[in-house]
Amino acid sequence: MFGEIFLFELQTQFRRPATYLYFGSILIFSLGTFATGSLPLAEKEHINAPYVLALWCAAMSMVMALIGSSVMGLPVYRDIEYRTKQYYLTYPISEAGYFFGRYSGAFLTLLFIASAIIIGAYAGTLLGPLMGWRYAGQYGLNLVSYYLQPFFSIALTNLFFIASLFYGLVALTRNVKVIYSGGVFLFLGYFLSFFFLMNNHNSTVVNLADPFAVNGVMLQTNDATIFQKNTSPISIVGMFFWNRVIWSATGVAILFFAYSRFSFTRFFSEKMGAKTIADAPLKTTTFSVPKVQVTFGNPYGRRTLVSLVKTELLNLIHDNYFWIIFSSGLFFLLISFWMGVSPFGVPEFPRTVILFEIFNDTFPFYIFLFILFYTGEILHRERSSGFETINDTLPPSNRLLNGAKLISLLILSISLALIPIISGICVQIAQGFFQFNFAIYATQVVVILIPRLIGIVLLCYVVHVWVNQKFVGHVTGLLIWVAMFFLNKSGTLDYHLLLYTYTPKFRFSDMDGLGHMLSPIIWFDAYWLLFGCLLIILSALGYYRGISSTFKERVRLAFRRFDVITRRVTFIVLIAFLAVGGFIYYNVSYLNSYLTQNEQAFRKVVFENSLKRFALLPLPKVTSIKLRVDLYPEKQQALTKAVVTMVNQTTQPITQLLVDGDELTNFNIKNNGQSIPFTYPLIYTRGMFNFFRPRNEPSEYRLYHVIPALLPGDSLHMEVHSSQIYKGFSNDTYAQNLLNNGTFVQGGLPTLGYNAAEELIDPFDRMKYHLPKRKAEADIPQNDRVGRATLKSGPTIDLLKLDITVSTSADQTALAPGALIKRWTENGRNYFHYAQTGPGTYMPFYILSARYAISEDTVQLDHPVNISIYYNPQHAANIRRFMAGYKDGLHYFSKAYGYYPFDDIRLAENSVYQKKIISAATLNAYSEDFAWNAHFSSLNQFDYIYFYTIRTLAQQWWRFQVAPNNTVGSMIIPEGLATYCALDLLEKKYRKNNMRNIILDQLRDYNYKRSRLNEQEHPLQTMNLPEQNGKAGVVLFGLKNLIGEDKLNAALRDFKNTYAFKNKPTYAGNNDLYRHLRKYAPDSLKYYLEDNWLKVTRYDNKVIKATAIPIGKGRYQVTFTVNLGKTMLNENGIEIPVKTIDDYIDLGVFAPNSTDKKGRQQTNPLYLKKYKLTAGNNTLTINVTGKPAYVGIDPFANLIDRDANDNLKNLN
């Protein structure tokens, strides 16, 4: 009977409209994604790259889990629901035929639906270039095997596991609700494991523990270049192969376990404890019937409504599966809150803002699914229980029944909104953290969660009412939600007036709370809640009680119900909705401007076509800036008056100046009190959503006409008046630099010259708009005359004198580079005057203002240096670590590289909206979510606060004394040298033998980022990407290991003395640094510089085997074989093995690791020596005193190794 059951199930599934709805939805979703390229791609990664297709199959098979629950859960439950047991128990049907026939038919249907994943992707790659949505060059070879291989190796396995799980659960429990709990367990369990695995460096565990193989795909491509990702399919080998085997076997095990427990008799029997009418004893009772007068007025309606709401809530409370799903989510929430975030392996204190960032990033999708499921359950409960015919005859009106269900769901949503508060406070108390930010808790619940959860309830409810089929309603609601999420995340459409329940992006801050973003979020909340009221009306019009109804019947019924009162209420709500929407539109698209992704790209094209001709205009050099900046944080305003002195150091007269006033509301430039005439060289057309703004709008660029011309050698004293005043609010976060508490501005000055950073960067987009291949500033040759005469910080920047006066609110402190000359209060405002006391400063510079607490100290060098740390009073836990870093760094760096030329060094806490680390002369700033709240509990944790403090301090030598020129590779000076200096000083703190893990962190970061480069990696000589900063530090640290600290420091001191505080060309570049390093390196070791600086070299060293035998008197003979491998990147980006190697490399034998008196882990070398090794296997025998535990080649990871984890091996 297997064949008959199988065919019957197949016919049943393919007669269901839901099957084609699922297929069509997945098809459209995949097609749209690949046609528009709305994927998280690297710059040169093909949209249809095999790696992308593999990741798409893995991710979409996760989305298919909900569809799988409908397709696989219904076949056996259908027979219970429709009471067909009489037929199956009387027909000659075997249990195996029934069980596997149903399963096979449903699974084949699921595969048919899933085929839309690759059909849609393939069709999208054809449609995208055909419709002009994407440039054809963004798609690679469209081989059918690229689609079939990941579908059969990834998606098929995932779907089999999902199908077996859901089918088996229903077969065992005879309850369709188990699908929800099973799905939620799968969903939450997966993300919980993902959460843990991302903090686990064991690739085997990460690979095998992932049922959907998402991590396996990513791990397999971690070391792959863009070329390899674009051309090489995923390899089904190693741990990835075993992942597929394990989870396929798990699916088989679940399926056959369910079958072994399956029984016709038990499956179709009544539930345990259920009694039939015949079972009940007959009783005879005599009673008189009272006269009853029944009224159905308002009191009856109120009592009935309360009673119905209580009934619905009690049904939820008494539902075991409700508590299973709820408890699993709560458990996941508590675990996530408890784990928190742990940068560099160091946990942060469980601050309220951190907990809600975790919640807002992870849990909205879970809550949506939870509400979606139980909306279906509550709305369809009568039909599921067979009570619909009775319910249809009862006196309560449709509005009462509909209202009761809706109110119970709203109560559920509000209750869910309280869970993160209770959970957060419990976790904080359990971890001994008592800084409860109740203002943030209240804002999160009242402003963020409750409005959105109410919106979710109303959306789910109206979908279920009008779809009127529980599982189809689930999938329809999910597809709507996923589509909005996808449109917003990809940037395809992120206009929040059109995305239901969406509001402007925001971040909670300990310094500023929700700040000025509170107002726009409340307006959007009101807008969507009013729209939700329209959804309530729509659900009331379509609500149907009874057995079943068609969509046409519900439409006809809705028109009959749309009476005068309903029309009036709808009109009032609609007017209010449009009024609030109009106000939001006025702010977002009239006072401000919203542009789609395509409009932003097209504006970049217009920018380049219009202004590129001004790129070669001669520009003056700025030599002095005198600023007066008035900050009004409570108004999000900054007013600037400045005198900027510029000198024409070119050989040409300057008659025109291109000036960019980006982010300035207005600015005016004068010379000798007279406004300089200007024109607008760049006009933009308005965005499609800004149709009340002028059709053509001038950009922030102005072309000033210098009259008379500024001749070579002449100077110009330019008077600048500017304002930064935000009007209304925007579609997304705005005024991030002008918070109520946490202002961060760059002086309010317009910039001079053509800004190539505003060009369209993506090479495929440039081809699409017929733009020439872009030559990045980072690729300017090192012998370029203009590049060597220009600083990296800008073509108009020179060594300058800086004088800044800042005023701010009475309760705030303003900070700027330089020495604090004077501080005073006037008219209820605080004033601060800063001036540069040294030989000058290089850009950039910043101004900060906030309500700070201050910690101060002084270091005595050749002159006293004041150390000041400005911080949020609640974030004082690590001030001691910051202060120790500054003290140690000032002492060591001034001794190693020359004196510190300033009188001050300051560190300030910055808002969460700014970069994590920002440097200026005498002033560093860390954002509040970096380092301030690290919770160190062990001496073995990496003290990244100390590391980054001394690294940013080192830039006072390598950025603000020696400024890099504007040629390729010059950023190795401020970034690579600063990293080396931090590693060097860290070694003095931890000692040489304990640096391995710290260096490994730098290597892991480099190897990870290397695999994601958008272009072929450059050698350090021409490094042009920040991803190479860590590598540069490790290479210099390895050089120190070879030539010694004194020689390397002497080379760097010589380099610094040659280029410090230069105010005329030529400025320092990569080749200048290399020349000094080579000068101090012995001839026998110059190979290291040539291999690691001039070429892209990676080692592949490993210990093959190692043994030790005792030879008496506590001595051991250790024999071990090491393999030495080295590759170099050729001009085609392919790593070529080096056949001839003759390198000095450390070999060591180590005793077991120990801990010192303070509890810090110590590495204990018994033997450590440099050997000159050749390529291939090298075997050594060494006698040591003391019991050895392991051996190593390059044990402290001083070389750039492909995988330094195999450099050590335990002894047998």
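In case you wondered, yes, glycine gets a Cβ from its N, Cα and C as well.
Bear in mind that TrEMBL entries carry predicted annotations, made automatically and left uncurated.
When Cβ-Cβ distances below 8 Å are used as the criterion, the transmembrane segment (20-41) is approached by residues 47-48, 52, 56, 60, 63-64, 67, 70-71, 112-125, 127-128, 131, 133-134, 138, 472, 475-476, 479, 482-483, 486, 490-492 of the same chain, each at least six residues removed from its ends. Feature annotation from TrEMBL assigns transmembrane segment to 20-41 (among others).
Taken from TrEMBL, the feature transmembrane segment covers 53-77 (among others). Nonlocal intrachain contacts for the transmembrane segment (53-77), taken as residues 6+ away from its ends with a CB within less than 8 angstroms of a stretch CB, comprise 9, 12-13, 18-19, 22, 26, 30, 33, 39, 102-103, 105-107, 109-110, 113-114, 117-118, 121, 146-147, 149-151, 154-155, 158-159, 162-163, 166-167, 169-171, 174, 176, 179-180, 182-183, 186-187, 190, 212-214, 217-218, 233-234, 267, 369, 471-472, 474-475, 478, 482.
According to TrEMBL, the transmembrane segment annotation covers 107-131 (among others). When Cβ-Cβ distances below 8 Å are used as the criterion, the transmembrane segment (107-131) is approached by residues 10, 13-14, 19, 22-24, 26-37, 47-48, 53, 56-57, 60-61, 64, 67-68, 71-72, 138-139, 142, 144, 147-148, 151, 155-156, 159-160, 163, 167 of the same chain, each at least six residues removed from its ends.
Taken from TrEMBL, the feature transmembrane segment applies to 151-172 (among others). Within its own chain, the transmembrane segment (151-172) is flanked in space by residues 54, 57-58, 60-62, 64-65, 68-69, 71-73, 75-77, 99, 102-103, 106-107, 110-111, 114-115, 117-118, 178-179, 182-183, 186, 211-213, 217, 234, 236, 244, 247-248, 250-252, 254-255, 257-259, 261-262, 267, which lie at least six positions past its ends and keep a Cβ under 8 Å from the stretch.
Feature annotation from TrEMBL assigns transmembrane segment to 179-198 (among others).
The annotation transmembrane segment is assigned in TrEMBL to 245-262 (among others). Sequence-distant contacts of the transmembrane segment (245-262) (same chain, six or more residues past either end, CB-CB distance under 8 Å): 95-96, 99-100, 103, 157-158, 160-161, 163-165, 167-169, 171-172, 208, 211, 213.
Residues or ranges marked as transmembrane segment in TrEMBL: 320-341 (among others).
According to TrEMBL, the feature transmembrane segment maps to 353-374 (among others). Sequence-distant contacts of the transmembrane segment (353-374) (same chain, six or more residues past either end, CB-CB distance under 8 Å): 66, 180, 183-184, 187-188, 191, 316, 322, 325-326, 329, 332-333, 336-337, 340-341, 409, 412-413, 416, 420, 424, 427-428, 437, 440, 444, 448, 452-453, 456-457, 460, 474, 477-478, 481, 485, 507-510, 912, 929, 933.
Among the features that TrEMBL reports, transmembrane segment is placed at 406-434 (among others).
As annotated by TrEMBL, transmembrane segment applies to 440-464 (among others).
Positions annotated as transmembrane segment by TrEMBL: 471-488 (among others).
Marked as transmembrane segment by TrEMBL: 521-544 (among others).
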### Query
So which of 406-434, 471-488, 521-544 is most in touch with the transmembrane segment (440-464), counting Cβ pairs under 8 Å?
406-434
